[in-house]
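One structure below.
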Protein chains: 2
Amino acid sequence: MPFRWDYKQHAALAWFVLKWLAICLPLGIVVGSSVAIFLWALHVVTLLQWDNSWLLYLLPLAGIASGLMYHYLGREAEAGNNLIMEQIHQPGGGVPLRMAPLVLIGTLITHLFGGSAGREGTAVQMGGSLAGVLGRLLKLTPDETRILLSAGVAAGFGAVFGTPLTGAIFAVEVIAIGKMSYKALIPCLLASVIGDQVNTAWGIGHTHYHIGFAAEISSSLSAVSLDWALTGKVAIAAIFFGLASVLFAELTHAISGTAKRFIAIPWLRPAVGGCVVIALVWLLGTRDYLGLGVTPHPPDSGMICIESCFQPGGADWMSWWWKLLFTAVTVGSGFKGGEVTPLFFIGAALGNVTGVMLGAPVDLMAGLGFVAVFAGATNTPLACTIMAIELFGPGNGELLSSGFVVYAAIACFLSYFLSGSSSIYQAQKRDEGKAESGKPKVEEEELSS
Amino acid sequence: MPFRWDYKQHAALAWFVLKWLAICLPLGIVVGSSVAIFLWALHVVTLLQWDNSWLLYLLPLAGIASGLMYHYLGREAEAGNNLIMEQIHQPGGGVPLRMAPLVLIGTLITHLFGGSAGREGTAVQMGGSLAGVLGRLLKLTPDETRILLSAGVAAGFGAVFGTPLTGAIFAVEVIAIGKMSYKALIPCLLASVIGDQVNTAWGIGHTHYHIGFAAEISSSLSAVSLDWALTGKVAIAAIFFGLASVLFAELTHAISGTAKRFIAIPWLRPAVGGCVVIALVWLLGTRDYLGLGVTPHPPDSGMICIESCFQPGGADWMSWWWKLLFTAVTVGSGFKGGEVTPLFFIGAALGNVTGVMLGAPVDLMAGLGFVAVFAGATNTPLACTIMAIELFGPGNGELLSSGFVVYAAIACFLSYFLSGSSSIYQAQKRDEGKAESGKPKVEEEELSS
C-alpha cells in the first residue's frame, strides 16, 4: 500500500470547520447574550420573590397567565425541549422563533411567583429557537439544520451553567439513549465555548461549589489510589441517585398525564399546580423548596439549598424528596422552566444524607449526587462526568488527585444505567435497551401537550 | 399516563451490573497484574538498553527473532489490535491466549534492542487476549464476548497509563470512527478501574507531567475567561497535531505495505527495519529517539524525551519528525510494541516547537500535543480530552481554572476531525465520513500481515 495523502479530504474538513465557525460565531453571541439577559432577569425575579413572599399566593394566577400565553401564542413551541429533539432527529416544521421569548417570559413568571423549576430548559429552548431562525435565514439543508439545532442547544447549556465542554457533549449525547454520534461535535464545541464566553463577558458569573474532600496522597508518582470502602459507598449512593432520577422523571410525567386527563382546559392545569405548591408550603412550613434553590437568602439563614447541601447538616432527611415533589408538581402541571437545577438540588440533598448514612464525606457525596441524578434523568453520563470536572475541578487539584474523576464516573454511569428507560425528555431516541436483559418497552407516548 | 415503575427492568439492570462486576473483577486483577509485570520488565529492559548501548547493533537480529517467533507461533495473533477490534465487531475465531505472551516478549525485545515503540498496544493485546480466554472459560454468548473484549482493552489501557476513565472511554470510542455505543460502558469502567488499581497496588507508578501554565483568574465566581489569542493558537496548533497524526498513520501503513511488497520473507522485514533504525542513529548522531522516550537517561542529561518537551528548549525543531520516522520504521517493519507513547512524544515535541513558534506557553502546548496527536491517530477525541484531565489535572487546580479543559477539547476534537479517514487501527469501523463534504473512501485493505 503506497503512501496516501488525500489533500482534498483535509481541505474539505477544514472548510467544514471554518464554515461552522462562521455560523456558530453569531449563534454563540446571540445565544450567550440571551442567556446573560435571562440569568440576570432570573436573579432579579428571584430577589423579588424572596423580598415579597406574598407573590407566592399569586402563583395560581401566574399559572393561568403562563398557560393562556402558551395556549394562544405557543402553538408548537409548547413542546419545548422535545420539539427541538424531534427536529434534530427529523427536520420538519422547524423550531419557531416564538419559543425563545415565550420560554423566557414563562420561566421568569414561574420563578417570580415561587414555582420550583430550573433554567436549563429555558436556555436550551432559547438556543434551539435562535438556531432555528438562523438556519432558515441561511437556508441550510436539513442535515445542516440538525447540526445547527444541536449547536444551539450546546450554546444555551454551556452558557447557562458556565460549563462549555459539558454543553457540547450534552448536546450530542442527549439526542439518543446509549449511543452518541460525533457529526455535530465540532459545531457544538464552537457554539458552546462562544456562548459561554459571551455570557461571561456580560459579567454573568456562576456559583462556585467547593468540595473540601481530599484523600491523603501516598505516592509521589501520579498513580491515584482509590479508597475501596469509599468507592463502594459511591456505588451504593449511585443506586439511590439513579432511582431518584427515575422517580422524578416518572412522577413528572404522571402528574402531567393526570392533569391532562382530569383538567380539560390546558391553562387551568398550572393554576391547580400552583395551588398544590402553596398547599405544600403551608403543610411543610418552609419556602426552601421554591424557586431555583441554589443559594440561601438571606445568606447564613440556614435555608436548605444546593449550597447548604455541601455542608454536614445542610439538608434534612427528606429534603431531596420535597424538592422532587415541588418540582414535579410545578413542571408537571405546565409551568415553564427547566428541570436540571432542581435535579442538582435533589441530587445534592440526597448525596448529603447518603453521605451521613454511609459515613462518607458529605461534600463529596453532595457533589456526586448533584451530577449523577441529572445523569440518570437525562441519560447523559459522559456530559455529567465532565460537568463534575468543570464545576468542581477548577482551583481544586487535590480533589482530582483523590480519584474524584473515577468517583464521578462511577456515580454518573451507574445512575444513568440503572435509570433504565426513564427520561425527562420523552423525545430521546431509545431504540435499544441499556442491557440485553433489560429491554425497555418502547412506548408510543404523546410528546406534546 | 399513569405513574410507571418497572421494577423488573431495574432488577435486570442491577443484575447486569453485578454479573459484570463478577466477571471484571478477575479480568481486572489478571490484566492489571500482567500490565504491572510488563511495565516492570519494560523498565528493566530500558535500563539495560541505556547501559549497554551496543545492544542496538543487534536490533536486526532481534527483529529476525521477533519475526520468527510470530511466524511460527503467532498465527492470527500477528494482527494484534486489529484482530481484537474485528472480534468486537463480529465475534468469530476469538482472540487467542498466545497473543498475550507473544506481544509481551515481542515488545520487550523491541525495547531491549532500541527499537522506537510504545506500550499501549502490548497492554491492549494482553487485555484482549486474557479477556478472550476468560470468555471461552465462561462460555459467554457472542454479544457478551464483545463486551468482555472491550473490557479487556479498557483494563489494559487504563492500567498501562494510570488513567482509568480514559481507558474505559477509549475502549468504547476506538471501535468505530465518529460514533460511540454505550453497551460496554459499565463493564469497561469496572475493568479499567480494577485493572488500574491492581497495577498501582503492585507498586507501579506513572510519570507525572506538570504544566505550570496558569492564567490570571480575574473573577471570584467560577466563570473561566478564555484567552482568545491563546485559543486561536491552540486551534492553529491542533491543525499541526492533526496533520502529524495523519503523517504517522499513513507513513507507518506505507512502510508496512512497502516492506510486504518488496520483502517476501516476513521475518526478514524487521531485520531490514532494524538496519534502517541503526542508520538513522548514525545519521543523526543521537539515540534520543530510541525506545519509549518518556524520561531522560541519565536525568538532566539534556536528552530529548517526553519530559524534556515540557521545558522551553526541550525539543529540536524536527524532533517530532524524527520520533515519527523512527517509530514508523520500527512498527511499520514489524517490531512489536505500541504506537501511543511515541504519539505522546511526537505530540509533545511538536507542541513544544509550536508553542515557541506561536508565542504560547510551551508546557501547555506540549501537554495538548501529547493528547491531540494521539486523538488524531486513533480517532478518540473524548478519551484523549479526558486523558488530558486525568494526567495533568491532579494536584493542579489552577490549570483547570485557566480553561485547560476547553483548550484540551479544542486540540483533541480538531485534531481528530482534521485527521479525516486516517487511523493507526485499520480495523476501526468507518462507515460515514466525518463531514458530509469530506466523504472518505472506504478501502478494503488487508488487515493482517
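A Cβ is built for glycine as well, from the same backbone N, Cα and C atoms used for every other residue.
TrEMBL labels come from automatic prediction, so no person has curated them.
The compositional bias 'Basic and acidic residues' annotation in TrEMBL covers B:430-442.
Summarising the annotation, TrEMBL assigns region 'Disordered' to B:430-449.
Within its own chain, the transmembrane segment (B:12-42) is flanked in space by residues 100, 104, 107-108, 111, 119, 122-123, 126-127, 130-131, 134, 138, 147-148, 151-152, 155-156, 159-160, 186-187, 190-199, 201-204, 292, which lie at least six positions past its ends and keep a Cβ under 8 Å from the stretch. Sequence annotations record features per position, and here TrEMBL assigns transmembrane segment to B:12-42 (among others).
Per TrEMBL, the feature transmembrane segment maps to B:54-74 (among others).
Residues annotated as transmembrane segment in TrEMBL: B:147-172 (among others). Counting residues 6+ beyond its ends, the transmembrane segment (B:147-172) has Cβ neighbours under 8 Å at 20, 23-24, 27-28, 31-32, 35-36, 38-39, 84, 87-88, 95, 119-120, 122-132, 134-135, 140, 180-185, 187-200, 205-206, 340, 378, 380, 382-384, 386-387, 390-391 in the same chain.
If you look up TrEMBL, you'll see B:234-255 (among others) marked as transmembrane segment. Sequence-distant neighbours of the transmembrane segment (B:234-255) (same chain, 6+ residues past either end, Cβ-Cβ under 8 Å): 273, 320, 324-325, 327-329, 331-333, 339, 343, 346-347, 350-351, 354-355, 358, 360, 365, 368-369, 372-377, 407, 410-412, 414-420, 422-424, 426.
TrEMBL lists B:267-285 (among others) with the feature transmembrane segment.
The list of residues near the transmembrane segment (B:340-360) in space but at least 6 beyond its ends in sequence, with Cβ under 8 angstroms from a Cβ of it, reads 116-121, 161, 230, 233-234, 236-237, 240-241, 244-245, 248, 292-294, 304-306, 309-310, 312, 314-317, 319-320, 323-324, 326-327, 331, 366-374, 377-378. Positions annotated as transmembrane segment by TrEMBL: B:340-360 (among others).
What TrEMBL lists as transmembrane segment is B:367-392 (among others).
If you look up TrEMBL, you'll see B:404-425 (among others) marked as transmembrane segment.
Listed as Cβ neighbours of the transmembrane segment (B:367-392) (distance under 8 Å, sequence separation of 6 or more from its ends, same chain) are residues 161-166, 169-170, 173-174, 177-178, 180, 209-211, 234, 237-238, 241-242, 244-246, 248-249, 306, 309-310, 339-340, 343-344, 346-352, 354, 399-400, 404-405, 407-409, 411-419, 422-425, 428.
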